[in-house]
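According to Swiss-Prot, the features are:
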- 1-38: region 'Disordered' (REGION)
- 1-10: compositional bias 'Polar residues' (COMPBIAS)
- 47-67: transmembrane segment (TRANSMEM)
- 85-105: transmembrane segment (TRANSMEM)
- 109-129: transmembrane segment (TRANSMEM)
- 157-177: transmembrane segment (TRANSMEM)
- 204-224: transmembrane segment (TRANSMEM)
- 233-253: transmembrane segment (TRANSMEM)
- 347-367: transmembrane segment (TRANSMEM)
- 395-415: transmembrane segment (TRANSMEM)
- 429-449: transmembrane segment (TRANSMEM)
- 463-483: transmembrane segment (TRANSMEM)
- 502-522: transmembrane segment (TRANSMEM)
- 551-571: transmembrane segment (TRANSMEM)
């Protein structure tokens, strides 16, 4: 232990405010051979750069597939528009559902590094199979233009099976890789070390920058390849990008500090719930100091220091009541510590914050489906010889963000730190709220543009330039920079030891629920607005000039505003319940 202190002091040459926690964090991390990590050799931004490389290449590959998938599904597989939109949203939603599996396997059994390696190859195999399926004519329906010929043969049977098998291999691999990329990079920093804590916040911004770079290349270069060289070549390039990402990760093996997996991450949570139920008839003591706080079980998923008692969810406090007049040691299924109970309370308090981002991601789903189709109905000509692929519209915010994110981290964050005293500059909960508020205006812009585009096409016979669609993508890009990064940082800093990857997976589940909700919303809106046999609803036609996409966007704008108001309530509740005991938590901020 003394040797670790010596190395840590030599590394930073400054006083560590919480030395015991720093030492414990170092003991819990190991190198690739399972030996205790050395702060002079392992971790830090140098190690995180290899993970950022993987993140850029992985998002490059998956974004090139996902963002142009609706065009492929309609033009090559011949699915109708509404069904194609649901295929895309279900695919993206499933990716983020699989994130839960990846987070669980990492925290409980494999560790983040090996989880990424194993499922990285699963994702790679899916890209390769997609490329083969797109290349061989016998694995696709006969060529046909669905906009001209209404009798195009839809992919069915063996052809559909191959397509969906490849698609969901990609979903399984990407889903299990995503939360572990973020967690593994963040694991290279210690929250208990003041300087490292600031670097952790910068890492989350750097991770979003890597994400933006990957998205930008995917939505420009890779989509251009798909459009001009064919989807088979495009899917092959995605496979090559994933290969480069795996190579980037493996190259950093010698520098990583890895956290050991901790058996079942759900058992300590179950201990608290079962103990509280078994003692439900007991009265909770008015003095929290009477609650049991010294019963620690080896390998329990608890933070390195104890958590103070909070008055929220008082029913769970009954799990800490020690039965009097007995000398026998109670089972962990009947007696828990205050820290264990408080950790479960924290997880429960994250639920409304998590739920508040679902509608936000439903809006994202529209930008990857209907907004791409909007672009297809507009004038894509940039010059006599160059047309903008509609899927490349989504590159618009990322072009801006590759400049905005470094400026945010270099200038706005230091300035905000002086005002707020928070290591992140703008605290995570505030950051989430800013993004949720801005997303409403993305849908307002989209609705106004669609009304103008439809009227120009139907009434005047004019086709608007594709540049009119820019504002809705720009506004949402800025909102995503605030909400997505804020949510990841908030969840990571609230997570218990050994649950980092799983909590990161929950942030991705917000994407999943958002995309699934989009599918449900489209179906419900179509059903409600289908007034007759001839009317298929707002989104039931394959022709946007006959659909009422503008009204659907207005509906989403209203839902987004209501969602923001709901978030204000729950975020204030989260802050208030945390401040009652003067706990120094990431959510202690003004909104």
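The chain as shown is numbered from 1 upward.
Keep in mind that glycine also has a Cβ here, set from the backbone N, Cα and C atoms.
Most Cβ pairs under 8 A with the transmembrane segment (551-571) among the ranges 204-224, 233-253, 347-367, 395-415, 463-483 are made by 347-367. If you count C-beta pairs under 8 angstroms between the transmembrane segment (204-224) and each of 47-67, 109-129, 157-177, 233-253, 463-483, the highest count goes to 47-67. Ranked by the number of CB pairs under 8 Å to the transmembrane segment (502-522), the listed stretches 233-253, 347-367, 429-449, 463-483 are led by 347-367. Sequence-distant residue pairs (6 or more apart) of the transmembrane segment (395-415) and the transmembrane segment (85-105) include fewer than 3 whose Cβ atoms are under 8 Å, leaving the two stretches without contact.
Non-local neighbours of the transmembrane segment (109-129) in the same chain are 32, 54, 58, 61-62, 65, 102, 162, 165-177, 180-181, 183-184, 187, 235-236, 238-239, 242-243, 245-246, 249-250, 253, 256, 258-261, 501; each lies 6+ residues outside the stretch with a CB under 8 Å from one of its CB atoms.
Count of Cβ pairs under 8 Å against the transmembrane segment (233-253): among 47-67, 85-105, 347-367, 429-449, the largest is for 47-67. Sequence-distant contacts of the transmembrane segment (47-67), counting only residues of its own chain at least 6 positions beyond either end whose CB sits under 8 Å from a CB of the stretch, comprise 88, 91-92, 95, 116, 120, 123, 127, 130, 170, 174, 177-178, 181-182, 184-185, 188-189, 203, 206-207, 210-211, 213-215, 217-219, 222-223, 226, 234-235, 237-239, 241-242, 244-246, 248-249, 251-252, 255-257, 368, 372, 391, 394.
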